[in-house]
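Novice: Let me give you the structure first, and then I'll get to my questions.
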Amino acid sequence: MLLHIPGVFTRDEVGRIREALEQADWADGKITAGYQSAKAKHNLQLPEGHPLAQEIGAAMLDRLWQNPLFMSAALPHKVFPPLINCYTAGGSFDFHIDNAVRQPKGSPERVRTDLSSTLFFSDPEDYEGGELEIQDTFGLQRVKLPAGDMVLYPGTSLHKVNPVTRGARYASFFWTQSLVREDSQRALLFEMDGAIQELTRDVPDHPSLVRLTGTYHNLLRRWVEV
């Protein structure tokens, strides 16, 4: 399942974030790549623990934990602290699959990467190239969203970032360990939750709503890992 989550940050917020990122000191993006990924990764990144990355990441997570679409689709259990990157001057990241488990620097906590997310801080017209290409059971998707919007997709997906040939592409990326490990099960629960919400709005007193909601929670109880 690939999902577009619009408006995580407002236009004004994105403008302030981008202005701060343009003044930041960047490091080689290979610092957080695995052995194979490092061969394919050609970008810049704020180091883990950088104060600006922590500030932006905390604001992102605060918004996402209050975002019904993210909560319904991801069913989050743990989140790897968001990282910030920049692609410019031909920067790219060839096809790869993210590491299955990530461990934040200086933390004993491990996060299984069930879901990957990219939140854009640059508008599509700000740069040439830089499309996020995601290959999975839903086919090949090319993603280039407005600043402030986010894409959520399975961590098992083969994906890449095309070379940026003009301008700069600023974004944040992170991983989520879901309460439900299997993508097809999460997708089923997401569709069912959406149907329940629509029925609650359209026919709030329908007696079948109680049974349908009960079925949702029984499936969640069967599949959840805590």
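Every residue gets a Cβ built from N, Cα and C, even glycine.
Straight from Swiss-Prot, here's the annotation block:
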- 78-178: domain 'Fe2OG dioxygenase' (DOMAIN)
- His96, Asp98, His159: Fe cation binding site (BINDING)
- Arg169: 2-oxoglutarate binding site (BINDING)
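Looking at the shown structure, what environment does each listed feature sit in?
Specialist: Secondary structure of the domain 'Fe2OG dioxygenase' (78-178) per DSSP (helix as H, G, I; strand as E, B; remaining residues coil): 3 helix, 60 strand, 38 coil.
In sequence order, Phe95, His96, Ile97, Ser116, Leu132, Glu133, Ile134, Gln135, Tyr153 make up the list of same-chain residues 6 or more apart from His159 (Fe cation binding site) whose Cβ falls under 8 Å from its Cβ.
Neighbours of Arg169 (2-oxoglutarate binding site), defined as other CB atoms within 10 A of its CB across all chains, total 26.
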Novice: If you measure Asp98 (Fe cation binding site) to Arg169 (2-oxoglutarate binding site) at Cα, how many Å is it?
Specialist: 20
Novice: Neighbour count, 10 Å Cβ-Cβ cut-off, for Asp98 (Fe cation binding site): what number do you get?
Specialist: 20
Novice: Per-residue pLDDT averaged over the domain 'Fe2OG dioxygenase' (78-178) comes to what?
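Specialist: Summing pLDDT over the domain 'Fe2OG dioxygenase' (78-178) and dividing by its length gives 97.
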